[in-house]
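Remarks on the structure that follows.
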Amino acid sequence: MKYLQTVASMKSKFDIVAIVEQYIKLVKSGSAYKGLCPFHAEKTPSFFVNPLQGYFYCFGCKKGGDVIGFLMDMEKINYNDALKILCEKSGIHYDDLKISRGSENKNENKDMVSKIYSLNSRLINTIKFFLSKNKKALDYVLKSRAISKEIVDLFELGYLPFNFKNGLELHDFLVSKGYSSEVLRKSGLFSKTNPKVSILFQRLIFPIKDFKGNVVGFGGRDLDGKGSKYINLGETEVFKKRELLYGFYEGFEEIKSTKSVILVEGYIDVLAFFTSGIKRAVSTLGTAFSKEHLALIQRYADEIIFSFDGDDAGLSATLKAYQICLPFNINVSVVRMDFGTDPADVLKSEGVDSLQKILNNRCDAFEYLLDVYSNKYNLNKTVDLNAMINLFLNLINLSKVDTQKKIFLDKLSNKLGIGVTTLLKDYYRIKERFVVDNNKRNLYAHNDDSYERYLIVALLKNFSYFSIVRRNIIDSDLINVDARKVFMCFENLFENNKDFSLMDLKKNLKDTYKVSEFFLKKF
């Protein structure tokens, strides 16, 4: 009881507004304060802080709580760590607080997180050493991709040989240093089917950091052409792909000062921009750009510049990412890349100033897509013309700003030579259909013949397509719960480069992922 009273007293005398304002801008609104929610992307403030009652609440994402809960969510820390921060600011000695038994599970989780951080930190210096001794890996980064040594050091790139140290493999070496089998299993470094084999062996390694600089995971690139080109660790206690962007920590100061982020396709592209002196490039971790990524960016920037590869996959990624951004009225532009090239190619062939030049010539995302798709479609064919009209009217419908919609309609009208009045008729038809589709969304989730089941069947027939699909879809995009679980299983198989039979897969889906028998019978 004394512990609870102490915590309550501490919270009551601490200004929650002062804490929240360290993360977002607040403005007075009656007796409360409001601002843009830091936990989801939005363009109109729905996040409120009540200083009298000491709580926050967002009417958009429904997240709320007290000052400790806010710190836990913002810093991705547990209850006790948030409490420590408040103790420091309140002049209370944390050690004097008697933590109740109810916090034991939290402490266990904190202990595991601490051990994973320790393990990852220990690994950093070792993989950096092995990279310095591996000519092939060094030549790939420094010569083939023209990344500067300064940037290699900044991002702490590494390499992991098969024979780790003194004839020991990595697993046995770490055990000899006191790490338990449970910690090694939960670190994500090792194969689930062969727990002593690291999924990163003989790969160029990219340490991935959270916004506080903790190494939370790793990505790896194959240099021999023997496995998946890129892999990332699976999800762990500290490694949440939807909450992370590669390069965000290293580029944080420039992102804050310019209020701008360059979104690229992969790790090497991030390094290419940094080598050019442009230190605000980020990439997702092998998954599609999501609303969670956008929410992270919008805390610190009001502009996103897409710089994806100049191929069909890059165009598809640009379109999907733009569809996510449009409802939130963030300024989006696109860097034009020649077909088949990426930022690292431009850096190597044209020098360190080349990326700044193409960045200066970026164009509005809507205009870029309009130009590209008008060349991609044969507008003399009715079917192609209708497809383009539908594509762009659906895009326009995503915008929440009426003036922006009018500008987009004018641009589409000028490009196609079709009057705005005519386009508006189709637009309102699409808008009505969109409302109907939304109302039926839950019904479709239980429709056995939904497109999601067909997607799963197609991937089962040719799993190699998954490397393309995963760049444009993440599991949360799927409506059907069972389809989502299957997709998560596929992600795990892909990350571990594992072969499988249909019989083994079905057993795994049933026993591990709890996919329903009814769904499994469909394939």
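From the backbone N, Cα and C atoms, a Cβ is placed for every residue, glycine too.
Taken from Swiss-Prot, the feature zinc finger covers 37-61, and the record attributes it to sequence analysis. Only residues 6 or more beyond the boundaries of the zinc finger (37-61), in the same chain, are considered here, and those with a CB under 8 A from a CB of the stretch are 11-12, 15-17, 20, 23-24, 26-27, 29, 31, 67, 69-70, 73-74, 291, 294-295, 298-299, 327-330, 400.
Look at Swiss-Prot and you will find 259-340 tagged as domain 'Toprim'.
The Cβ of E265 (Mg(2+) 1 binding site) lies under 8 Å from the Cβ of S283, S307, F308, D309, G314, A317, D342, each of these being in the same chain and 6 or more residues away along the sequence. Swiss-Prot lists E265, D309 with the feature Mg(2+) 1 binding site, giving sequence analysis as the kind of evidence.
D309 (Mg(2+) 1 binding site) is surrounded by 23 other CB atoms, counting those within 10 A of its CB over all protein chains shown. What Swiss-Prot records for D309, D311 is Mg(2+) 2 binding site, and it gives sequence analysis as the kind of evidence.
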Other CB atoms within 10 A, centred on D311 (Mg(2+) 2 binding site): 16
